[in-house]
Amino acid sequence: MENGTVNGYEMDEKQDRSRSVISIKAILSLLLESVDENNHSRSVISLGMGDPTAHSCFHTTHVAPEAVVDALQSGKFNGYAPPVGLPQTRRAIAEYLSRDLPYKLSSDDVFITSGCTQAIDVALAMLARPGANILLPRPGFPIYELCAAFRHLEVRHFDLLPEKGWEVDLDTIEAIADQNTVAVVIINPGNPCGNVYSYQHLKKIAETAEKLKVLVIADEVYGHLVFGRNPFVPMGVFGSIVPVLTLGSLSKRWVVPGWRLGWFATSDPSGMFRNPKVVERIKKYFDILGGPATFIQAAVPGILELTDEVFFKKTISILKQSSDICFDRLKEIPCISCPYKPEGSMAMMMKLNLSLLEDISDDIDFCFKLAREELVIILPGKK
């Protein structure tokens, strides 16, 4: 492959929308490259990656590595796992998710993925068809746009409203959806805004999606990591109103992102996803995927069953304290403000007042100069 050609065939740049989408890892790499290599007096402070293990205050529970060691030493999990995941792992995750639902999921509703990123790709691949479009939040998580570009899914954006706690602009959703819309993506707890939606707002989202006859992709990778006024409510609670694809992982709540253990669950008590043709399509797609290591999958039942609340409360306490410190310190910086105090996840969205800055053209310029001059890495809000 060279200069946009593959084996002599030229790629159509108009169709290759991925060229216009930059990933978080790509922008992080560029920011780190911009750091002054001659400045060795201070360490780089990287606040741009949602990897809690990069900070010494976050540790997983002792239960997690012990379960992995037990699985390894048993000698039973050195071979391939079924493409959709080990039966006991699927069953354990179904039971875990069902704790917060008014109905019970079965193991057949759960498919094991290599992290939540692969779950995102699976969801979009299953929905992609010629002429289809998908509704994504703005601000949002860039991986969705990248996956959509590779799947030739048209992206349409709806705004999140900072003055309303980053709630979804439901009027915009109704305005931009059409007969070719296949899904609306809801990220809750929010990344990058740190919002946590109320039961009432999530119900309105479900009712709007049902009215438009589109399903909901619920990205809940930060599920339960909340520390504000609203408790975490899974979108699957409203599965009887509208079909929901729930995406999640162990990564954030258990502080093990490198283990790459995620899931794709059909939260749909009405049974649309149990159609034999739909199930067969999903299973066939998983035949070409590589899931997490078998011994990591085997450790999941023990991890989910034996982790105590003390561990979860400690993690949430650290997140809340960090969020409070960041929010309060930002008040001391005239050119930066936070429209809404975070209530969950590990992210915060800030507003930059360019009129108070000299020689700064936009947020991208600001982030690169901050990295180069102060060795602090944050992400720009623009795509």
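Cβ atoms here come from the backbone N, Cα and C positions, even for glycine.
Summarising the annotation, TrEMBL assigns domain 'Aminotransferase class I/classII large' to 43-382.
The Cβ of LYS252 (N6-(pyridoxal phosphate)lysine) lies under 8 Å from the Cβ of GLY50, PRO52, VAL221, TYR222, LEU225, SER345, MET346, each of which sits 6+ residues away along the same chain. According to TrEMBL, the feature N6-(pyridoxal phosphate)lysine maps to LYS252.
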Model confidence over the domain 'Aminotransferase class I/classII large' (43-382), averaged pLDDT: 95
